[in-house]
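A quick write-up on the structure given underneath.
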């Protein structure tokens, strides 16, 4: 073979090596996500506490399901407030505020003398739930480098599930106390972590995207240099953010930042809500359909009912002893906690869509299996009850595992990265609000629905929702893996930077107006 022929042979190129996880971004995501421990604890601790509250306060099943589910409805207000607060105070101080709200809510619930006072405590805790649900994924997505954004953005859901497990452990640990003390201890323990978390969050930097929106370019650059995989990536991320916000690429802190911020102020606040809800561009409409649809599906499949009422489902499956059913409920928390690393490790390797589709399919299958086994329990002889009960328990745990390894964490990751910067906080707040509304609707109706169509019928209904959700995810959710936060908008339609799109026109106008004001100064 001649040297010329040898030169013509293509040389195999080794695939690009994935950069190691940025330790500073990892620490920021870790601290930001710890508020989610309080969220998970507040939700799951109610599953055991309700058994003792019913006996101590002499309240009905209807009052119990209202008390259990109303926290999700109350969190609507918290999630909507969080969108405005995070743009005003910043992402970091919004997390401190969330911790303070959780602390207050836990005290009110633990010291409640009656049902009305308990409801007031649930209201305060619900506000905290809304704040934590919205702000932790947004902050983590804005700090994380592109190479590990999916991995780091799953942290809020990881800690949420860990909090759920702690709630079940608390139920089991305090179940042997006198009835009037047991449920109070379960709630009061939840007042301890917020004290430490509130101070820990202060050690974190502010979101670079929020800093740019406030005209603090150099502060944003310093944060990006510490949270990016390379100085080049930091500069590229900074230029992308400035481009979306409408700040000229050559603007620095030496420029009149006040003029820049004023020029962009019109693109936020009321203008954001108008662009989202009244006159959205075609790409924004598609983003809203994808994001809100995913949030609806995540809760409409009844996962919060399994978390909140697992002792009752276990009782239906044959576990009549209260202590045994509370102990078995810890398996639900363990499944949610130990299966979520699957999504965490695979998000940036296989992508969002495969995990969502695999998870949604598994959930539909296991919900159908759970419903069928519970139905057969009522119709088969007692000799077969033990086997059918075991099938029910395995199906319920498999459903939880399917949710935790896909739809649970991936939905939050997906919805935190599809919206453009100027719409992100408010759009995430709307999605969180819908998520909590559906969570509240399912948990507040589960006991009544089970009485009307049986527990088996309820799970058949959730199985149908999961199957419909799979179809929705297959047709409406594009893959976002490997895309920068500023580029994901292109997946939903025409290039959002083009001047001939409504969305791009806003950016173009902001950039032009900023330049004019600086020139005038």
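Glycine residues also receive a Cβ, built from the backbone N, Cα and C atoms like all the rest.
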Matching range for TrEMBL feature annotation, transmembrane segment, among 24-44, 213-233: 24-44
Which range of 264-286, 287-309 is transmembrane segment, per TrEMBL: 287-309
Correct range for transmembrane segment (source TrEMBL, candidates 3-21, 459-477): 459-477
Spatial neighbours of the transmembrane segment (459-477) far in sequence, C-beta under 8 Å, 6+ residues away: 286, 289-290, 293-294, 297, 300-302, 305, 352-353, 356-357, 360-361, 363-364, 367-368, 370-371, 374, 414, 449, 453
Cβ-Cβ under 8 Å with the transmembrane segment (24-44): same-chain residues at least 6 beyond its ends: 71, 91, 95, 98-99, 102, 105-106, 125, 128-129, 131-133, 135-136, 139-140, 143-145, 148, 152-153, 155-168, 170-171, 190, 193-194, 197, 200-201, 203-205, 226-227, 304, 307-308, 333
The transmembrane segment (389-415) touching the transmembrane segment (64-84) per 3+ Cβ pairs under 8 Å rule: no
Non-local residues, at least 6 beyond the ends, that sit with Cβ under 8 Å of the transmembrane segment (287-309): 43-44, 46-47, 68-69, 72, 164, 276, 280, 332, 336, 356, 360, 363, 367, 396, 399-400, 403, 407-408, 411, 414-415, 418-419, 427, 430-432, 434-436, 438-439, 442-443, 446-447, 458-459, 461-462, 465-466, 468-469, 472-473, 476-478, 489, 492
Local confidence of the domain 'Major facilitator superfamily (MFS) profile' (28-481) - pLDDT mean: 86
The transmembrane segment (123-141) in contact with the transmembrane segment (354-377), cutoff 8 A, at least 3 CB pairs, sep 6+: no
